[in-house]
Amino acid sequence: MALLLLLALSFSTALSAPTRPNSVTKDVALRYLTSFGYYNAIPHASQMDSRSSAALRAQQLELAVKKFQSFAGLPVTGVLDQPTKKLMTRKRCGIPDFNAIQREGFQFKWDKQDIRWTVEKFSDDVSQGDTRRAIGQALSVWQEVIPLNFIEVAPGSSEADIRVGFATAVHEDAYPFDGPGGVLAHAMFPPDGRLHFDDDENWVYMDVEKLKKYANTDLIAVAIHELGHSLGLEHSNDQDAIMAPFYHEQVSDKPHYEVPPLHEDDIRRIQRIYGSRNDGFRPETTVPRPVRTTTEAIETQTRIEVGVEGGSPSGGGNAPCPNQIEDSAKSINGATYVFADSNVWELQGQRLQNSRPITAVFPSGPRRVTAAVTNPRTELMILFDQRTVYAYVWDASSGTFHPHRDFPKTLSDLVTFTPTAAFEWRDGNIVLLGGDTFATYDENWNTPTFVHKTTDYFNGFPEDVTAVLSNGQPGHILLVTPAGGYGYDMNAQKVTNSDPIPRQQFAPCS
Ligand SMILES: [Zn+2]
Ligand SMILES: [Zn+2]
């Protein structure tokens, strides 16, 4: 036993995944929090000057640590303490945790009752027959509680919905595996359905003696969890659930292997999607959303944009051309919405078109919008009416916005000003502006991650910005003040015109 432990320890130092709390440095924690969705995943560090970006990063790290601790059921200290570091060394699933909270309003789902599956690539650890049995057993666990049928088809069959395989390091998708320990597997939501196991783990099939060793991993247990994703489930913050992100060691005194049962949280969540086996199959009511990180999804996204442009009437709307605009935001549907008075326009070809009352586009929304922005990470369009925060989910299947059920909220007191404009800085931060002050903001936690004097961080910004317009040029924004508009180059961090551009010139009505 001692020898085995020693071997395991010396082996572990070579791994890329952290295996001991002491190996969790700040950089390791930052990588961990980034890959599992707790920290701003935009690859470039803040483009603000280094003094300010260090302070901002420290505050964002603290918030990310708090989110992780809260999701994982640890005391929320915001500090990288020993229990937090220890949890970061646990074996776990590779799918980010934070999607769970942020994709409210959508459900990944198969829209048919018969789901075909196949194992395409095997591991040397487990025989082909046992691997196929493991997947079949794991699917049975789900099949007992929902009205879907799982049918195995030949490897490579074009009929397969769920394709299972083993892979190491960089493989066919955007999520490279990390060697032994750390991430064990990942799976894609419907309609993708792919499931990959990290072949750098030691996979074990139904062998209780082998499973007592930390270095070995239970194939069936991980398969049940991953197939939950393939069926549409996100991670659960119920630590006892099969869908909790962390691997549960199989410590059992029983002489025979027992297939891990679903927890009541898993059953409740999967039945919310598909109904129960007793009720029978429910026909599809919503179109599942594609997984965004695949090429296929990007193509879908492009088609959505084309669809919106083609579908919306050009011109149209009877609202008088506004003298001042309140703010604007580009939606994930590709359209840029400009708010003025109680109306919303679409900015098409640098012209304001298609005016409608705000509440006609944003149901149960504010009558007036004083600041607006889309968070690219959550895809929510966030509208402010003074200090009331609304959030909208774009539903591509119906081509409409739905209010997010957790909103409206009253803006956190920690934002010490009333926002007059909101925009996405080039590093992905959502920035709220008000007078000479700004805040970076997280709508899910309704909290600023940083508040400071604007001119200390955004070089050359006028102090009376009432709206920020994106003119379609990457890295460029238009800062709108009562005197007119100023172009701003976010890379060079400077205003590009000395005389303000008149309102009628940068956004004329058609
Ligand atoms: Zn998972
Ligand atoms: Zn993969």
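Think of each number as a place in line: the chain as shown, counted from 1.
Just so it is clear, glycine is given a Cβ too, placed from its N, Cα and C backbone atoms.
Per TrEMBL, the feature signal peptide maps to 1-16.
The Zn(2+) 2 binding site annotation in TrEMBL covers Cys93, His225, His229, His235, Met243. Within 10 Å of the C-beta of Met243 (Zn(2+) 2 binding site) there are 23 other C-beta atoms, taking all protein chains into account. Mapped onto three states, the DSSP output places Met243 (Zn(2+) 2 binding site) in coil.
Positions annotated as domain 'Peptidase metallopeptidase' by TrEMBL: 106-276.
For the recorded site, Asp125 (Ca(2+) 1 binding site), the DSSP three-state label reads coil. There are 18 other Cβ atoms within 10 Å of the Cβ belonging to Asp125 (Ca(2+) 1 binding site). As annotated by TrEMBL, Ca(2+) 1 binding site applies to Asp125, Asp199, Glu201.
In the shown protein chains, 20 other C-beta atoms lie within 10 A of the C-beta of Asp161 (Ca(2+) 2 binding site). The Ca(2+) 2 binding site feature in TrEMBL is assigned to Asp161.
Here TrEMBL flags His171, Asp173, His186, His196 as Zn(2+) 1 binding site.
Summarising the annotation, TrEMBL assigns Ca(2+) 3 binding site to Asp178, Gly179, Asp198, Glu201. Cβ neighbours within 10 Å of Glu201 (Ca(2+) 1 binding site), excluding its own Cβ and spanning all shown chains: 26. According to its DSSP assignment, Glu201 (Ca(2+) 1 binding site) is coil.
Secondary structure at Glu226 (active site), taken from DSSP and collapsed to helix, strand or coil, is helix. Long-range Cβ contacts of Glu226 (active site) within its own chain (separation 6+, distance under 8 Å): Cys93, Ala185, His186, Ala187, Leu195, Phe197. What TrEMBL records for Glu226 is active site.
According to TrEMBL, the feature Ca(2+) 4 binding site maps to Asp327. Summarising the environment of Asp327 (Ca(2+) 4 binding site), the number of other Cβ atoms within 10 Å of its Cβ, over all protein chains shown, is 27.
Residues annotated as Ca(2+) 5 binding site in TrEMBL: Ala372, Ala421, Val468. The number of other Cβ atoms within 10 Å of the Cβ belonging to Val468 (Ca(2+) 5 binding site), over all protein chains shown, comes to 24.
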Query raised in the report: What residue among the binding-site residues Cys93, Ala372, Ala421 has the most other CB atoms lying within 10 A of its CB?
Result: Ala372
Query raised in the report: Quick one: which of these binding-site residues, Asp161, His171, Asp198, Glu201, Met243, have their CA within 10 A of Ala372 (Ca(2+) 5 binding site)?
Result: none
**Report entry** Asp198, Glu201, His225, His229, Asp327 filtered to the binding-site residues whose C-alpha is within 10 Å of Val468 (Ca(2+) 5 binding site)
**Finding:** Asp327
**Report entry** Other CB atoms, at most 10 A from the CB of Asp199 (Ca(2+) 1 binding site)
**Finding:** 19
Query raised in the report: What is the Cβ neighbour count of His186 (Zn(2+) 1 binding site) at a 10 Å cut-off, with all protein chains included?
Result: 20
Query raised in the report: Cβ within 8 Å of the Zn(2+) 1 site's Cβ centroid: which residues qualify beyond His171, Asp173, His186, His196?
Result: Gly94, Ala167, Glu172, Tyr175, Pro176, Phe177, Arg194
Query raised in the report: Here are some binding-site residues: Asp173, Asp178, Asp198. Which one has the most Cβ atoms within 10 Å of its Cβ?
Result: Asp198
Query raised in the report: Counting Cβ atoms within 10 Å across all protein chains shown, which of the binding-site residues His171, His225, His229 comes out on top?
Result: His225
